[in-house]
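Positions annotated as GTP 1 binding site by TrEMBL: 11-18, 58-62, 121-124. Summarising the annotation, TrEMBL assigns GTP 2 binding site to 198-205, 245-249, 310-313. Taken from TrEMBL, the feature domain 'EngA-type G' applies to 5-169, 192-365.
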Amino acid sequence: MTFKPVVALVGRPNVGKSTLFNRLTRSRDAIVANFSGLTRDRHYGEGRVSNIPFLVIDTGGFEPVAKEGILLEMAKQTEQAVMESDIVVFLVDARAGVNAHDHEIAQRLRRTGRQIILAVNKAEGMTHTKAMAEFYELGLGQPIPISAAHGDGVVDMIQHALEKIVAQKADTFVSEPESDADTEEGEHQHRLKLAIVGRPNVGKSTMINAILGEERVIAFDMPGTTRDAISIDFDRGDQKYTLIDTAGLRKRGKVFETIEKFSVIKTLQAIEASNVVVLVLDAQSDITEQDAHIAGFIVESGRSLVVAINKWDGLEEDRKEWIKREFNRKLRFLSFANMHTTSALKGFGIKALLKSVQQAHQAAFKKLSTSKLTQVIRDASSEQPPPRKGIFRPKLRYAHQGGQNPPIVVIHGNALDSISDSYKRFLESRIREVFKLEGTPLRIEFKSSNNPYVQDDK
(Lines of atoms letter the chains of each structure in order from A and count residues from 1; the text may use other names and numbers.)
(Lines give C-alpha, C1' and ligand atoms only; values in the text may rest on other atoms or scores of the structure.)
Protein backbone atom coordinates (compact mmCIF):
# COMPACT_ATOMS: atom_id res chain seq x y z
CA MET A 1 0.00 0.00 0.00
CA THR A 2 1.10 3.57 -0.56
CA PHE A 3 2.26 5.99 2.09
CA LYS A 4 3.00 9.20 0.23
CA PRO A 5 5.95 11.40 1.22
CA VAL A 6 4.98 14.80 2.60
CA VAL A 7 6.84 17.87 1.33
CA ALA A 8 6.46 21.15 3.27
CA LEU A 9 7.15 24.44 1.48
CA VAL A 10 8.60 26.92 3.98
CA GLY A 11 9.91 30.47 3.68
CA ARG A 12 9.30 34.05 4.68
CA PRO A 13 6.31 35.80 3.10
CA ASN A 14 6.21 36.53 -0.62
CA VAL A 15 9.09 34.34 -1.77
CA GLY A 16 6.86 32.31 -4.13
CA LYS A 17 5.64 29.34 -2.06
CA SER A 18 2.09 29.46 -3.42
CA THR A 19 3.36 29.74 -7.00
CA LEU A 20 5.55 26.68 -6.45
CA PHE A 21 2.64 24.84 -4.82
CA ASN A 22 0.45 25.51 -7.85
CA ARG A 23 3.13 24.28 -10.23
CA LEU A 24 3.74 21.08 -8.25
CA THR A 25 0.03 20.29 -7.93
CA ARG A 26 -1.00 21.75 -11.30
CA SER A 27 -3.68 23.75 -9.53
CA ARG A 28 -4.72 27.19 -8.40
CA ASP A 29 -5.70 26.05 -4.91
CA ALA A 30 -3.59 28.66 -3.12
CA ILE A 31 -4.28 32.32 -3.92
CA VAL A 32 -1.30 33.99 -5.58
CA ALA A 33 -0.70 37.73 -5.38
CA ASN A 34 2.15 40.11 -4.68
CA PHE A 35 1.01 40.82 -1.15
CA SER A 36 3.04 39.71 1.86
CA GLY A 37 1.30 37.15 4.06
CA LEU A 38 -1.65 36.48 1.76
CA THR A 39 -1.60 32.73 2.39
CA ARG A 40 -3.03 32.61 5.89
CA ASP A 41 -3.14 28.86 6.46
CA ARG A 42 -1.78 25.64 5.06
CA HIS A 43 -3.01 24.25 1.78
CA TYR A 44 -2.37 20.67 0.74
CA GLY A 45 -2.37 19.01 -2.63
CA GLU A 46 -1.13 15.95 -4.47
CA GLY A 47 1.67 15.88 -6.99
CA ARG A 48 3.64 13.32 -8.97
CA VAL A 49 7.16 13.52 -10.35
CA SER A 50 8.94 10.63 -12.11
CA ASN A 51 6.11 8.31 -11.07
CA ILE A 52 6.61 9.17 -7.39
CA PRO A 53 3.35 10.44 -5.81
CA PHE A 54 3.64 12.92 -2.95
CA LEU A 55 1.65 15.32 -0.78
CA VAL A 56 2.75 18.95 -0.76
CA ILE A 57 1.94 21.59 1.87
CA ASP A 58 1.95 25.32 1.19
CA THR A 59 2.54 26.99 4.56
CA GLY A 60 1.77 30.51 5.66
CA GLY A 61 4.71 32.92 5.53
CA PHE A 62 7.14 32.22 8.35
CA GLU A 63 7.55 35.33 10.52
CA PRO A 64 9.78 34.02 13.33
CA VAL A 65 9.97 37.39 15.09
CA ALA A 66 6.18 37.72 15.42
CA LYS A 67 5.02 37.83 19.04
CA GLU A 68 1.25 37.97 18.62
CA GLY A 69 -1.68 38.04 16.23
CA ILE A 70 -2.10 36.37 12.86
CA LEU A 71 1.62 36.30 12.05
CA LEU A 72 2.33 34.37 15.24
CA GLU A 73 -0.41 31.86 14.37
CA MET A 74 1.02 31.47 10.87
CA ALA A 75 4.46 30.78 12.35
CA LYS A 76 2.96 28.12 14.64
CA GLN A 77 1.25 26.44 11.69
CA THR A 78 4.49 26.41 9.75
CA GLU A 79 6.38 24.79 12.61
CA GLN A 80 3.71 22.09 12.86
CA ALA A 81 3.88 21.51 9.10
CA VAL A 82 7.63 21.06 9.35
CA MET A 83 7.35 18.53 12.17
CA GLU A 84 4.77 16.45 10.26
CA SER A 85 6.61 16.53 6.93
CA ASP A 86 9.22 14.15 5.57
CA ILE A 87 11.29 16.80 3.82
CA VAL A 88 11.29 20.60 3.81
CA VAL A 89 11.81 22.83 0.78
CA PHE A 90 13.09 26.12 2.21
CA LEU A 91 12.32 28.80 -0.37
CA VAL A 92 14.36 32.02 -0.54
CA ASP A 93 14.29 34.98 -2.94
CA ALA A 94 17.24 35.34 -5.33
CA ARG A 95 16.39 38.97 -6.09
CA ALA A 96 15.91 40.10 -2.50
CA GLY A 97 18.95 38.21 -1.23
CA VAL A 98 19.54 36.87 2.27
CA ASN A 99 18.09 38.73 5.23
CA ALA A 100 17.82 38.23 9.00
CA HIS A 101 14.54 36.32 8.70
CA ASP A 102 16.14 33.78 6.37
CA HIS A 103 18.91 33.22 8.91
CA GLU A 104 16.46 32.70 11.77
CA ILE A 105 14.30 30.31 9.74
CA ALA A 106 17.41 28.36 8.73
CA GLN A 107 18.46 28.11 12.37
CA ARG A 108 15.06 26.76 13.41
CA LEU A 109 14.94 24.30 10.53
CA ARG A 110 18.34 22.88 11.44
CA ARG A 111 17.08 22.13 14.96
CA THR A 112 14.19 20.01 13.61
CA GLY A 113 16.48 17.33 12.18
CA ARG A 114 14.40 17.24 8.97
CA GLN A 115 16.04 16.93 5.57
CA ILE A 116 16.09 20.36 3.95
CA ILE A 117 16.32 21.42 0.32
CA LEU A 118 17.36 25.07 -0.11
CA ALA A 119 15.56 26.39 -3.22
CA VAL A 120 16.56 29.83 -4.52
CA ASN A 121 13.46 31.13 -6.30
CA LYS A 122 13.07 33.93 -8.87
CA ALA A 123 16.44 33.04 -10.37
CA GLU A 124 15.29 33.46 -13.97
CA GLY A 125 17.58 35.75 -15.96
CA MET A 126 20.42 35.40 -13.44
CA THR A 127 23.53 33.27 -13.71
CA HIS A 128 23.44 30.36 -11.31
CA THR A 129 26.61 31.54 -9.62
CA LYS A 130 25.16 34.96 -8.95
CA ALA A 131 21.79 33.57 -7.83
CA MET A 132 23.28 31.13 -5.33
CA ALA A 133 26.36 32.92 -4.05
CA GLU A 134 25.17 34.54 -0.83
CA PHE A 135 22.81 31.70 0.18
CA TYR A 136 25.66 29.36 1.10
CA GLU A 137 25.99 31.36 4.31
CA LEU A 138 22.70 29.87 5.54
CA GLY A 139 24.57 26.62 6.15
CA LEU A 140 21.99 24.36 4.52
CA GLY A 141 24.13 22.87 1.80
CA GLN A 142 23.98 23.40 -1.96
CA PRO A 143 21.38 26.01 -3.00
CA ILE A 144 19.26 25.00 -6.01
CA PRO A 145 18.21 27.85 -8.35
CA ILE A 146 14.62 27.64 -9.64
CA SER A 147 11.86 29.75 -11.12
CA ALA A 148 8.48 28.71 -9.72
CA ALA A 149 6.74 31.15 -12.08
CA HIS A 150 8.36 29.76 -15.24
CA GLY A 151 9.08 26.20 -14.10
CA ASP A 152 12.85 26.39 -14.55
CA GLY A 153 14.62 23.81 -12.38
CA VAL A 154 11.46 22.85 -10.47
CA VAL A 155 11.21 19.23 -11.66
CA ASP A 156 14.88 18.53 -10.96
CA MET A 157 14.62 20.15 -7.52
CA ILE A 158 11.55 18.22 -6.35
CA GLN A 159 12.83 14.99 -7.88
CA HIS A 160 16.05 15.44 -5.90
CA ALA A 161 14.00 16.04 -2.73
CA LEU A 162 11.79 12.99 -3.25
CA GLU A 163 14.65 10.66 -4.12
CA LYS A 164 16.35 11.56 -0.85
CA ILE A 165 13.33 10.80 1.29
CA VAL A 166 12.18 7.73 -0.64
CA ALA A 167 15.69 6.26 -0.42
CA GLN A 168 15.76 6.94 3.32
CA LYS A 169 12.33 5.36 3.92
CA ALA A 170 12.15 2.75 1.18
CA ASP A 171 10.33 0.38 3.50
CA THR A 172 7.58 2.95 4.16
CA PHE A 173 7.05 4.63 0.80
CA VAL A 174 6.36 1.83 -1.66
CA SER A 175 4.56 1.58 -4.95
CA GLU A 176 0.93 0.56 -4.73
CA PRO A 177 0.36 -2.91 -6.21
CA GLU A 178 -2.03 -3.25 -9.09
CA SER A 179 -4.68 -5.23 -7.20
CA ASP A 180 -2.23 -8.01 -6.45
CA ALA A 181 -4.52 -10.70 -5.09
CA ASP A 182 -1.70 -12.69 -3.49
CA THR A 183 -0.30 -9.66 -1.67
CA GLU A 184 -3.72 -8.52 -0.52
CA GLU A 185 -4.73 -12.02 0.56
CA GLY A 186 -1.55 -12.36 2.61
CA GLU A 187 -2.27 -9.06 4.29
CA HIS A 188 -5.85 -10.16 4.94
CA GLN A 189 -4.58 -13.19 6.85
CA HIS A 190 -2.68 -10.97 9.26
CA ARG A 191 -3.88 -7.67 10.70
CA LEU A 192 -7.02 -5.78 9.82
CA LYS A 193 -5.93 -2.16 9.49
CA LEU A 194 -8.78 0.00 10.78
CA ALA A 195 -8.79 3.80 10.46
CA ILE A 196 -11.09 5.95 12.60
CA VAL A 197 -11.75 9.23 10.80
CA GLY A 198 -14.07 12.21 10.98
CA ARG A 199 -14.32 15.87 11.79
CA PRO A 200 -12.92 17.10 15.12
CA ASN A 201 -14.78 16.41 18.33
CA VAL A 202 -17.15 13.76 16.95
CA GLY A 203 -15.82 11.23 19.47
CA LYS A 204 -13.10 9.38 17.55
CA SER A 205 -10.69 8.99 20.48
CA THR A 206 -13.53 8.07 22.84
CA MET A 207 -14.64 5.42 20.34
CA ILE A 208 -11.14 3.94 20.26
CA ASN A 209 -11.14 3.81 24.05
CA ALA A 210 -14.50 2.01 23.93
CA ILE A 211 -13.21 -0.48 21.36
CA LEU A 212 -10.05 -1.16 23.36
CA GLY A 213 -11.83 -1.16 26.72
CA GLU A 214 -9.22 1.12 28.23
CA GLU A 215 -8.20 4.75 28.04
CA ARG A 216 -5.32 4.45 25.61
CA VAL A 217 -5.98 7.69 23.74
CA ILE A 218 -6.44 10.95 25.65
CA ALA A 219 -9.92 12.30 24.91
CA PHE A 220 -10.54 15.89 26.00
CA ASP A 221 -13.69 17.84 25.19
CA MET A 222 -11.86 20.16 22.82
CA PRO A 223 -11.20 19.80 19.09
CA GLY A 224 -7.60 19.15 18.20
CA THR A 225 -6.37 17.17 21.21
CA THR A 226 -5.25 14.24 19.05
CA ARG A 227 -2.39 15.74 17.05
CA ASP A 228 -0.87 12.72 15.33
CA ALA A 229 -2.03 9.42 13.90
CA ILE A 230 -1.70 6.78 16.63
CA SER A 231 -1.51 3.06 15.77
CA ILE A 232 -2.60 0.51 18.37
CA ASP A 233 -2.49 -3.28 17.93
CA PHE A 234 -5.19 -5.37 19.60
CA ASP A 235 -7.03 -8.67 19.16
CA ARG A 236 -10.74 -9.53 19.23
CA GLY A 237 -11.36 -13.27 19.09
CA ASP A 238 -9.37 -14.68 16.19
CA GLN A 239 -9.06 -11.32 14.43
CA LYS A 240 -5.93 -9.20 14.84
CA TYR A 241 -6.35 -5.44 14.39
CA THR A 242 -4.17 -2.40 13.95
CA LEU A 243 -6.33 0.57 14.89
CA ILE A 244 -5.40 3.99 13.50
CA ASP A 245 -6.71 7.18 15.09
CA THR A 246 -6.32 10.56 13.44
CA ALA A 247 -7.06 14.11 14.46
CA GLY A 248 -10.02 14.66 12.07
CA LEU A 249 -10.38 17.29 9.42
CA ARG A 250 -11.50 20.77 10.38
CA LYS A 251 -13.60 23.34 8.62
CA ARG A 252 -12.01 26.73 7.95
CA GLY A 253 -12.72 29.76 10.06
CA LYS A 254 -12.94 28.11 13.48
CA VAL A 255 -10.87 29.10 16.48
CA PHE A 256 -9.00 25.78 16.63
CA GLU A 257 -8.20 25.72 12.94
CA THR A 258 -4.49 26.33 13.51
CA ILE A 259 -4.27 23.28 15.76
CA GLU A 260 -5.44 20.68 13.32
CA LYS A 261 -5.88 21.96 9.80
CA PHE A 262 -2.74 20.05 8.87
CA SER A 263 -4.20 16.80 10.20
CA VAL A 264 -5.77 16.45 6.74
CA ILE A 265 -2.48 14.80 5.80
CA LYS A 266 -2.65 12.31 8.65
CA THR A 267 -6.25 11.49 7.78
CA LEU A 268 -5.57 10.93 4.08
CA GLN A 269 -2.54 8.78 4.86
CA ALA A 270 -4.47 6.77 7.46
CA ILE A 271 -7.26 6.07 4.95
CA GLU A 272 -4.77 4.93 2.33
CA ALA A 273 -2.98 2.72 4.87
CA SER A 274 -6.17 1.03 6.08
CA ASN A 275 -8.32 -1.89 4.95
CA VAL A 276 -11.51 -0.64 6.61
CA VAL A 277 -12.48 2.90 7.63
CA VAL A 278 -14.97 3.89 10.31
CA LEU A 279 -16.40 7.31 9.46
CA VAL A 280 -17.64 8.92 12.68
CA LEU A 281 -20.48 11.45 12.42
CA ASP A 282 -21.93 13.56 15.23
CA ALA A 283 -25.65 12.99 15.86
CA GLN A 284 -25.81 16.26 17.78
CA SER A 285 -24.76 18.38 14.80
CA ASP A 286 -25.74 18.54 11.15
CA ILE A 287 -24.16 16.35 8.50
CA THR A 288 -21.81 18.78 6.79
CA GLU A 289 -20.19 19.20 3.41
CA GLN A 290 -16.93 18.30 5.12
CA ASP A 291 -18.39 14.95 6.22
CA ALA A 292 -19.32 14.31 2.58
CA HIS A 293 -15.81 15.22 1.40
CA ILE A 294 -14.22 12.77 3.83
CA ALA A 295 -16.69 10.07 2.77
CA GLY A 296 -15.94 10.78 -0.89
CA PHE A 297 -12.21 10.37 -0.36
CA ILE A 298 -12.78 7.02 1.39
CA VAL A 299 -14.86 5.75 -1.55
CA GLU A 300 -12.38 7.06 -4.14
CA SER A 301 -9.58 5.31 -2.25
CA GLY A 302 -11.49 2.03 -2.58
CA ARG A 303 -11.54 1.39 1.15
CA SER A 304 -14.25 -0.58 2.93
CA LEU A 305 -16.45 1.58 5.11
CA VAL A 306 -18.64 1.45 8.20
CA VAL A 307 -20.48 4.59 9.35
CA ALA A 308 -20.93 5.38 13.05
CA ILE A 309 -23.41 8.09 13.99
CA ASN A 310 -22.05 8.84 17.44
CA LYS A 311 -23.52 10.61 20.50
CA TRP A 312 -26.87 8.93 19.83
CA ASP A 313 -27.81 8.57 23.49
CA GLY A 314 -30.22 11.11 24.89
CA LEU A 315 -31.53 12.30 21.52
CA GLU A 316 -35.23 12.97 21.03
CA GLU A 317 -37.00 10.59 18.65
CA ASP A 318 -37.73 13.31 16.09
CA ARG A 319 -34.04 14.26 16.05
CA LYS A 320 -33.07 10.62 15.47
CA GLU A 321 -35.45 10.35 12.51
CA TRP A 322 -34.20 13.65 11.10
CA ILE A 323 -30.55 12.57 11.28
CA LYS A 324 -31.34 9.31 9.46
CA ARG A 325 -33.14 11.22 6.72
CA GLU A 326 -30.23 13.65 6.42
CA PHE A 327 -27.78 10.75 6.14
CA ASN A 328 -29.79 9.15 3.35
CA ARG A 329 -30.12 12.49 1.56
CA LYS A 330 -26.60 13.90 1.86
CA LEU A 331 -24.58 10.67 1.92
CA ARG A 332 -26.69 8.45 -0.30
CA PHE A 333 -23.55 7.41 -2.22
CA LEU A 334 -22.63 5.41 0.93
CA SER A 335 -25.59 3.05 0.52
CA PHE A 336 -23.17 0.09 0.34
CA ALA A 337 -21.94 0.77 3.90
CA ASN A 338 -23.56 -0.40 7.12
CA MET A 339 -24.62 2.48 9.36
CA HIS A 340 -24.62 2.17 13.16
CA THR A 341 -25.90 4.46 15.89
CA THR A 342 -23.44 4.57 18.78
CA SER A 343 -22.49 6.20 22.04
CA ALA A 344 -18.74 5.78 22.36
CA LEU A 345 -18.85 7.38 25.79
CA LYS A 346 -21.25 4.74 27.12
CA GLY A 347 -20.02 1.86 24.95
CA PHE A 348 -23.37 1.55 23.16
CA GLY A 349 -23.30 -0.01 19.67
CA ILE A 350 -19.56 -0.79 19.62
CA LYS A 351 -19.90 -4.59 19.43
CA ALA A 352 -22.23 -4.38 16.42
CA LEU A 353 -19.91 -1.83 14.82
CA LEU A 354 -16.93 -4.20 15.04
CA LYS A 355 -19.01 -7.01 13.55
CA SER A 356 -19.72 -4.81 10.52
CA VAL A 357 -16.02 -3.94 10.30
CA GLN A 358 -15.18 -7.63 10.01
CA GLN A 359 -17.93 -8.19 7.43
CA ALA A 360 -16.68 -5.26 5.35
CA HIS A 361 -13.12 -6.60 5.54
CA GLN A 362 -14.21 -10.07 4.43
CA ALA A 363 -16.25 -8.59 1.58
CA ALA A 364 -13.27 -6.55 0.36
CA PHE A 365 -11.12 -9.69 0.04
CA LYS A 366 -13.84 -12.10 -1.08
CA LYS A 367 -12.98 -14.37 -4.02
CA LEU A 368 -15.63 -14.26 -6.75
CA SER A 369 -15.76 -17.30 -9.01
CA THR A 370 -15.76 -16.69 -12.75
CA SER A 371 -18.59 -19.15 -13.42
CA LYS A 372 -20.84 -17.62 -10.77
CA LEU A 373 -20.09 -14.05 -11.87
CA THR A 374 -20.84 -14.97 -15.47
CA GLN A 375 -24.14 -16.57 -14.45
CA VAL A 376 -25.12 -13.48 -12.43
CA ILE A 377 -24.59 -11.06 -15.32
CA ARG A 378 -26.31 -13.36 -17.82
CA ASP A 379 -29.33 -13.77 -15.55
CA ALA A 380 -29.45 -10.02 -14.95
CA SER A 381 -29.22 -9.18 -18.66
CA SER A 382 -31.88 -11.76 -19.53
CA GLU A 383 -34.25 -10.30 -16.97
CA GLN A 384 -33.47 -6.70 -17.90
CA PRO A 385 -31.53 -6.34 -21.17
CA PRO A 386 -29.28 -3.29 -21.45
CA PRO A 387 -30.86 -0.50 -23.52
CA ARG A 388 -29.92 -0.25 -27.18
CA LYS A 389 -27.70 2.55 -28.39
CA GLY A 390 -28.29 3.11 -32.07
CA ILE A 391 -28.76 -0.16 -33.93
CA PHE A 392 -26.73 -2.25 -31.49
CA ARG A 393 -27.65 -3.63 -28.10
CA PRO A 394 -24.77 -4.23 -25.65
CA LYS A 395 -24.12 -7.94 -25.15
CA LEU A 396 -22.70 -9.19 -21.83
CA ARG A 397 -20.80 -12.44 -22.45
CA TYR A 398 -18.76 -13.35 -19.37
CA ALA A 399 -17.23 -11.84 -16.23
CA HIS A 400 -14.30 -12.49 -13.92
CA GLN A 401 -12.70 -10.94 -10.86
CA GLY A 402 -9.99 -8.39 -11.61
CA GLY A 403 -8.82 -7.54 -8.09
CA GLN A 404 -9.53 -7.31 -4.39
CA ASN A 405 -9.73 -4.54 -1.78
CA PRO A 406 -11.94 -3.30 -3.36
CA PRO A 407 -13.40 -6.12 -5.46
CA ILE A 408 -13.10 -5.44 -9.18
CA VAL A 409 -15.39 -7.23 -11.65
CA VAL A 410 -14.38 -7.22 -15.32
CA ILE A 411 -17.26 -7.81 -17.75
CA HIS A 412 -16.51 -8.78 -21.35
CA GLY A 413 -18.87 -8.47 -24.29
CA ASN A 414 -19.81 -6.41 -27.32
CA ALA A 415 -20.72 -2.73 -27.60
CA LEU A 416 -20.22 -2.27 -23.85
CA ASP A 417 -19.04 1.33 -24.26
CA SER A 418 -22.70 2.31 -24.46
CA ILE A 419 -23.68 0.79 -21.09
CA SER A 420 -25.45 3.52 -19.09
CA ASP A 421 -24.61 4.48 -15.50
CA SER A 422 -28.06 3.35 -14.38
CA TYR A 423 -27.56 -0.10 -15.91
CA LYS A 424 -24.12 -0.31 -14.34
CA ARG A 425 -25.74 0.38 -10.95
CA PHE A 426 -28.29 -2.36 -11.68
CA LEU A 427 -25.49 -4.86 -12.31
CA GLU A 428 -23.61 -3.70 -9.23
CA SER A 429 -26.72 -4.23 -7.12
CA ARG A 430 -27.15 -7.78 -8.45
CA ILE A 431 -23.51 -8.70 -7.85
CA ARG A 432 -23.63 -7.27 -4.31
CA GLU A 433 -26.82 -9.18 -3.56
CA VAL A 434 -25.55 -12.55 -4.78
CA PHE A 435 -22.07 -12.34 -3.25
CA LYS A 436 -23.14 -10.45 -0.10
CA LEU A 437 -20.66 -7.62 -0.63
CA GLU A 438 -21.66 -5.33 2.23
CA GLY A 439 -19.40 -2.51 3.31
CA THR A 440 -16.99 -2.43 0.38
CA PRO A 441 -16.92 -0.34 -2.77
CA LEU A 442 -17.32 -2.42 -5.92
CA ARG A 443 -15.60 -1.52 -9.17
CA ILE A 444 -17.04 -2.72 -12.50
CA GLU A 445 -14.96 -2.52 -15.67
CA PHE A 446 -16.25 -3.22 -19.17
CA LYS A 447 -14.11 -4.67 -21.97
CA SER A 448 -15.65 -4.70 -25.43
CA SER A 449 -14.87 -6.83 -28.45
CA ASN A 450 -13.22 -4.83 -31.22
CA ASN A 451 -15.97 -5.89 -33.62
CA PRO A 452 -19.42 -4.64 -32.51
CA TYR A 453 -21.10 -6.70 -35.29
CA VAL A 454 -20.11 -9.95 -33.57
CA GLN A 455 -23.21 -10.33 -31.42
CA ASP A 456 -26.22 -12.55 -31.49
CA ASP A 457 -28.80 -10.12 -30.11
CA LYS A 458 -30.41 -8.01 -32.81
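Heads up, the Cβ atoms here are built off N, Cα and C, so glycines get one too.
Automatic, uncurated: that is what TrEMBL annotation is.
With the fewest other Cβ atoms inside 10 Å of its Cβ, the least crowded of the binding-site residues Asn14, Thr59, Asn201 in this structure is Asn14. Cβ neighbour count for Trp312 (GTP 2 binding site): 21 (other Cβ atoms within 10 Å of its Cβ, all protein chains included).
Distance noted between the C-alpha atoms of Gly198 (GTP 2 binding site) and Ala123 (GTP 1 binding site) is 43 Å.
According to its DSSP assignment, Asn201 (GTP 2 binding site) is coil.
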